[in-house]
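Read the structure below first, then the notes.
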Amino acid sequence: MQTHIINFAKYSSIKIGAPLEVSLIQTPQDAISALSQNMRIIGKANNLLVSPAAQKLAMLDKHFAYLKDCGNYIEIGGAYSSGRIFSYFKSHNLAGAEFLQALPGSLGGLVKMNAGMKSYEIKQLLQAINVNGKWQDRESFPMNYRDSGIEGVILAARFHKREGFNNALQADFIALRKNHPKEPSCGSCFKNPKGDFAGRLLESVGLKGYCIGDAAFSEKHANFLINKGKATFEDALSLITLAKKRVFEASGIDLECEVQILQ
């Protein structure tokens, strides 16, 4: 596989990291090779915290940044961005992708974590998923809350094609997005535990706005891990560790990370 250098301090959404070698997946055979070498897929690094010492990283090449109308369904490559998916669905009056207005990332990452907002999740759009070069029905995978259960490299997906883009729903998601912090962020740091909210739990133990170095939990939304300027990987990891400890001691709830930590 070809490789190139990515500076995660510039590339990742939280702007933390260092220049690291990343392998390019250009074919299904490359995907299988990456798996055999235990490589981690970085996508657009929107929900990743990457150590300066991380190794065995890979990403989909631009060959997988495509979208095509196949008549009864839309096929989208794993490297295609959420913003472009949203724009296509809106301009072609297709329903279901309104929530992507507020979610950054690539198709592969969205499917991998079954991304969503409120009651809307990517699984509701999916017909089939191409994993390691093999198409499988969406029902083949668990597709749980923020975890698809997919083990492998997501090369593409097929979306149901339904008419009726909902402009009112888009407006709701735009309003939600306004409550998100403006600083570099990895998005939601922790998954919401059943029957509760991670942000509420973090706020209840005094961590809203709390900083270690330049890593902080946002004043706007406690579950957003942000970079106030020069945060390091160690700052962010220490803050996550502290948060899990405080919440567990106060409530007995073991918070599960939504951000993926690559060490």
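Even glycines carry a Cβ here, placed using N, Cα and C.
Listed features, source Swiss-Prot:
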- ARG146: active site (ACT_SITE)
- SER188: active site, proton donor (ACT_SITE)
- GLU258: active site (ACT_SITE)
Cα-Cα distance linking ARG146 (active site) and SER188 (active site, proton donor), given in Å to the nearest integer: 11
Residues satisfying Cβ distance under 8 Å from GLU258 (active site), sequence separation of at least 6: ASN47, MET113, ARG146, GLY187, SER188, CYS189, PHE190, LYS191
